[in-house]
Amino acid sequence: MTALKTIRPIPEFPLQGILPKEETEAASYLKKYPNYDGRNTIIAILDTGVDPGAAGLLVTSDGKPKIIDIVDCSGSGDIPTTTVVKPTENEEGIPVITGLTGRKLLLGKSWKNPSGEYRLGFKRAYDLFPEDLKDRIKKERLAEFQKKHFSLVAKVQEEQAAFLKAHATLSEEDQRVKADFNARLEVLKDSLKNFSDPGPVYDVVVFHDGSVWRAVVDAKEDGDLQDAPQLTNYKTERQYATFSNQDKCNYSVNIYDNGNMLSLVVIAGSHGTHVAAITAANHPDEPALNGVAPGAQIVSIKIGDSRLGSMETQHALTRAVQVIIEDKCDLANMSYGEASSYPDIGRFVELIREEAVGRHGCIFVSSAGNAGPALSTVGSPGGTSSGIFSVGAFQSQAMQQAEYALYEAVPERPYTWSSRGPALDGAVGVDIYAPGAAITSIPEYELSKYQRMNGTSMSSPNACGCISLILSGLKAENKAYTPYRVHRALVNASKDIQDQFRVGFLQVEKTFEHLLTYHAYEEQDVDYKIQIAERENARGIYIREWEECNKAHTLTVKVEPKFMKDVDYNKPDINEKKLSFECRMTLVATESWIRVPDHLFMNSALRQFEVTVDPTQLAAGSVHFGEIQAFDSSCPARGPVFSIYVTVAKPVELTTQSYIKFENVQFGPGHIERRLIRVPAGATHAEAVIRSASGANVAQLSAKFVVYVAQLIPQLRNDHTNQGYMIRLGKGSYGEAGAEEQSETKRFSVYSNHTMELCLAQYWDSPGAHNVTVELTFHGIQIAGPTSGPRTVFVNGGDHITRFHVSAPIRREEGLSPSISLDTLRKIVRPSESSIKPLVADRDSLPNSRLMYNLISTYNFKVEASGKESVTVSPRFPSLNNLLYDSPLEMFLIVSDVNNKVVGFGDVYVKKFKLPKGDYSMRLQLRHESEETLEKLRHLPAVIDFSLAKSQTLEVSGNWPDALVSKKNAFPSVLERGDTKAAFVVSSTEHPKGAKPGDFLVGEWKWGGPKVDGQPIARVVYAIAPEQIAIKEETVELEEEINVAKQLAEQVRDAQVAWLKKSGSAYKTEKDKEAAAVARKELIEQLEAAGHGEHLPFMLAQLDVSIAVAEGAEASVKDEKWREVLVVADKITNAIDQAALAQFFGLKPVTLHGKAEAEQRKVKKEKEEAKAALVAALKARCVALVALKEDSDAAYNHLSQWSEGTGVSDWKSVNVYLERERKHGRNGLALQRVNSWLSEQGGGSKESAANIKSAIAIRREILHELNWTLWEDYEQSWDGIRLPKAAATF
């Protein structure tokens, strides 16, 4: 073999970079202390769940089980098991029960079950599987299904060909057979087109073996459970199973509420497994792949809800705290988070701070977020909550080599996307940095062992693993610690990385040495609650807006020591430690523009002191950062006891009215530039133009840039006020030397008079230097009116014309073309029912065994659509939406159709559901420990938005008189700066289907021009006026002499007929039914005796009541009652002159006038009533004959002469058609018609619910008759999903 020639020696793969440990000193620490590898520490992983079968997650370095508990706190795997049965034995002596799917289940003879009772449930796999696994399985199952389906199609085609070959000349009956073959092929074609894989559907069986509850899953879907795993709570036996070799998806179980609820625990994604592996994976055969703390044990806490695509929910977070406490976790890692409107509040945040950390000593580590690099982009809970250790993401050169395959090294620094502080209340936001990427274990279902992921989701578990090493060492050396002590040591011993906010990089050895060196100082076990009195008790000082940046501030700082609580709730706080606590502090300000006192004497009481912050001389347009540090004067070497962070983001004011330019800003890899600008008063949107060019003789490397525009609005989430963009500069020929200038334009909404940060960053992995110029232009269109706000315009539809004043306060605005487009119908719905109950204590009690209460409110709504169209429905609860970590309540909702089929789940974020027409219910769950609080929310209204198939427009005119007479008069296309013009909005006289007075139409007032990202200039809310009343036109009426006695008799007769019509179904008890039958008989005799026997409404009432009685009759008399229907139907048909009726409708009416026209209208009305009565009687005859299983062909043909007896809207007529076609073996036509009828029902209505169930059952019968087993099994799999016996559980 020829020797390999390369331009340089081939190096070994840099394994040290795939899961970084050297940078944090974890590797050197383990060399020094090999047994301090996380042993004797338990780490809770709050995430999507951890796969117990993943590589490296089986045992610890000292041979203990790696995962000691697995809990699904989300409830997404919950299965009610309240159906209790006892088995029978088959001929082989095997116990058999019928599962809820309808499958026969064979139980194990050797199973221990003293009670002999088994609890049943079932679960759809696709309600359990992670999204990516679901996608893979669906593709694989579809391919297999298609093979079988096309084989069935081929068989039908062969049968059709054989029939046509045998019937060269087709009779009328043969034509129907041919049509039936065509229908079968069409049905198969349409069925595959509409195929929606139900996925595997598992029966589950729960029983008590005398010691513990156990669960068995029919994972093979074959009903044979004899050798299936009998699992109990994972914590008890640490056992799990796999659904199938195809999916490679592992599951475990927990059983609650005395066997009434089975939790089938399945991970919601690969994220949690990857996080756990970073923290603590142990690979005995290849230690280089180990996680940071291979000796630590794991508690898997699933907070990601599979029903919501792995989104965390409030109830899952609350339950997670209880698991942390019960499993005595030393640490917890949470690589989850969201933006929030309020820092440091909310149920979960308070439970973690006060209970998990402050009482039970768990060190809680969390990701800072991936929304950087702008200021104040840290997420909750990590970056906004005290008591939680927040971790940002850092990249090193070893990581660049091993994980990113970069051909050119870039500077080591925090990732561009890593969220930055400060928090909204001025707290630092990020406590420390750690490596933010790793290649490590992922779940088995991914069909791969390892994968790279990056994010603060990865830096947080790396930091958590590092802390586990430290705790392992402290425990081994019998050194007591508290979360407060460890938190402060980690910060003080961190490595300086020249971060703008002085946030350091985690160092394990130095932190451990720090803790050992200063272990004797008990003051370290105290935390300090910092509050700035004049700034709403904020934890830091954050000065950002124009006015406050241009004056000096004297502020009162309140400092209150916080001591660890006793784990015994019956004991008071540790008073002896409070009594002995004393710390003599020295205060230091790191910047000259901050002034503080020199000293502070602290004891256990709250202390106050004043500080001065003077930002007046600081440079405008930039951010400035400082600290107030408190040192223990007896030992300043151990670093600050506490720090108060001071941030001044001082905006520059525009020198022109609307324009500012930043020229020749220099960038390199990872470099960030911030410009703070005061948005002019009246501005509504802005345009940023980013320009870059190569040098005349120097090419420019292509580079990714982040452009971020951020504003902070009080009590509004930052993701609602920020806009971020990724652009590439130097792309294509723009990067060539001497190329033309590249320009990128972004347009976005702004909030006037608030500071805006324009943040530009060259992406961390993009090499090369770049020179960038940014031009920023502000625009403003202000709309003022009697009922308008800064961003919302209200139009009262009853006003006909609404006047507004439109101005351009910033600059000349051109190309204006105002239009109002309303694309949403909004309804306000109150709950139809609600109930408050306590939750199950073994899963939903708070620490200290406090009970939780559950409010469930039901809201009913109707979707109105044409044909098979779908409508996008968005339920909203404005007082609850967008509050997750900062909410005191827990919220979840389930939307179901009329048959209880779940069509979607929701949480605090507004979800969109695409629904066909029909009746729906939405159940809202609110949870809180105060029953009184929930009682106040029992009548909480829901706001439900329905998308319109066609937007409705409102005319905008520039002239009031012209608007009044509907004369077109366009609003001016140009507004000069300072101009104010009147605009007149004309209300609509037509409204979309389903809109009623009290509803609203919602849309946007657009002004032409390019699209602007973010908030529109103005949202429009249009109140629907009362409906127009039809104006009666003048017509000639027949003059008839009024006979008062006759008129009274007729009204009495009509009232009696009305009662008769509803008497067949109005009464529920047997006693009432019997009384009604007697009264009905007497009334019929009385009306016939009075000469009303042939009065059509009277006969139709008899028909309706006879049908109702027949349908509700017991089996023994059912035939008799249906024959009574035939008698009444025949009586009606005999009373009508059908020949005369046919002649009337067969002739074209002559146009008449005056009294002749009035006479003509009277005759027409009588004839139409007679025809309607005839059709009703003929339909009733057909229905009765079908019920009696007698030949209905003649009756059906008779009906077809007068009506389309096969209409898709009338189920009774459809059923007649189905019976006729099935009787003649034309199952294809029957199946086609039942499918068509079901399709027309959409989601179903209250009136059609029972008929839908019947239609689905008939469809399966027809499939069975056709021997289409493939589609019959498909229907059976869907049955329990489409027609559940009870509403879904929360």
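The backbone N, Cα and C atoms fix where each Cβ goes, glycine too.
Just so you know, TrEMBL annotations never went through curation; they're auto-generated.
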Practice task
Can you dig out which of the ranges 23-50, 471-498, 1031-1058 TrEMBL describes as coiled coil?
Solution key: 1031-1058
Completion exercise
Counting every protein chain shown, other Cβ atoms within 10 Å of the Cβ of SER457 (active site, charge relay system) number 27
Practice task
Could you put numbers on the helix, strand and coil content of the domain 'Tripeptidyl-peptidase II galactose-binding' (667-766), residue by residue per DSSP?
Solution key: 7 helix, 48 strand, 45 coil
Exercise for the section: Give the distance between the Cα atoms of ASP47 (active site, charge relay system) and HIS271 (active site, charge relay system), rounded to the nearest whole Å. Expected result: 7
Handout entry: Inter-residue C-alpha distance, HIS271 (active site, charge relay system) and SER457 (active site, charge relay system) (nearest angstrom)
Key = 8
Completion exercise
Cβ neighbour count (10 Å, all chains) around ASP47 (active site, charge relay system) is 29
Exercise for the section: Quick one: give me the count of other CB atoms within 10 A of the CB of HIS271 (active site, charge relay system). Expected result: 24
Completion exercise
Averaging pLDDT over all residues of the domain 'Peptidase S8/S53' (38-499) gives 96
